[in-house]
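Shown next, in C-alpha cells, is the structure this report addresses.
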Amino acid sequence: MKRVVLFLFTNLAVMLVLSVSARVLGVDRFLTGNGLDMGMLLLFAALIGFGGSFISLLMSKTMAKWSTGARVIQQPANQNEVWLVDTVSQLSKKAGLAMPEVAIYDGAPNAFATGPSKSRSLVAVSTGLLQSMDRKQVEAVLAHEVAHIDNGDMVTLTLIQGVLNTFVIFLSRVIAYAIDSFLRSDDDESGSPGIGYWISSIIFEIMFGILASVVVMYFSRKREYRADAGAAVLLGDRRPMIDALRALGGLQAGQLPKEMAASGIAGGGMMALFSSHPPLESRIAALESAR
C-alpha cells in the first residue's frame, strides 16, 4: 500500500512547490494579464501536472527507503536473507525482469514494490511479515510484488496522476480567476490577479487534489487484483497467494507511512473510496473464481 500513497503525497508536495514557483516567477500574471488565456493555461497545467507526476516517480524508490528505513541487502547476512534474495531473483527471471533491489525494514507484516521503471525497482518486506508467515506464503507475497513491477503499475499510476494533475491545476485556476473577478473592485483596471486569486487557487488545488486521489485509489484497487493474478501465474498455483491473503487476514497488518500506503501487500482505509486495496475477502474470492 506504501507505493501509491507515497507517490500521492510526494506528487502533491511537488505540485505545490511547482505551483508556488510559477506564481513567484509571474506565470499566473502572464496567464491572466489580459483575461484568462485558456489555451496557455491548459498547456501550463499539463507541463506542471505531468512534470510533478514524473518527478514523484523518479523520487519513488529513494523516498520509499527513507520513509521506512529499509535496508537494501547488498551481501546477505544470514540464511533468511540468502533465501529472500534468491526467491526474488527466481521470480524476476520468470517474469523476464531485471533483478530488483531487495530490502528489509522493521515493522508489522507488510511488503511493497516501487521504483521509476522495471529495470530500477525495489522489493521490500517487513521483519514482521518474515516472522509471521511461512516461506510459501512469503514467496507468494514476493510474487505479488514482482507482478506489480512486471505490470508497470507505477508508470501507469504516474500517467493517470499526470492527467488528473492537469485538470486539478486547470480547474483550480479557472475557478480562482472567476472568484477573483467577482471580488475585484470595478475601479481596479490593472488586470492582475488579486489576493482572492492566490488564496482560492491554492485552496481549490488542494481540494481537487484530494478528490483526484479517489480516482488514483480506484485504479490502485484494480491493479491489486492483477498483481494477485500475476503472482498465481508466476507460482504456477493460486493456492499460495490465497493462503498468504488468508494469513494476512488473521494478522494486524503493518501501517506503512501515509505516503507509501498503496504499494503494500495489505492495506485499506477507513473509507472505501480512499482505500488503496480491495478487501482481502474480495481478493481471495477473485483468485478462487479465476480459471
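The backbone N, Cα and C atoms fix where each Cβ goes, and this holds for glycine too.
Residues annotated as transmembrane segment in Swiss-Prot, with sequence analysis given as evidence: 4-24 (among others).
Sequence annotations record features per position, and here Swiss-Prot assigns transmembrane segment to 38-58 (among others) based on sequence analysis.
According to Swiss-Prot, the feature Zn(2+) binding site maps to His144, His148, Glu224, an assignment based on sequence analysis. Taken residue by residue with DSSP, His144 (Zn(2+) binding site) is part of a helix.
Annotation comment: Swiss-Prot describes Glu145 as active site, evidence class sequence analysis.
Residues annotated as transmembrane segment in Swiss-Prot, with sequence analysis given as evidence: 159-179 (among others).
Annotation comment: Swiss-Prot describes 199-219 (among others) as transmembrane segment, evidence class sequence analysis.
Glu224 (Zn(2+) binding site) sits 10 Å from Glu145 (active site), taking the CA atoms of both as reference points.
Counting every protein chain shown, the number of other Cβ atoms lying within 10 Å of the Cβ of His148 (Zn(2+) binding site) is 26.
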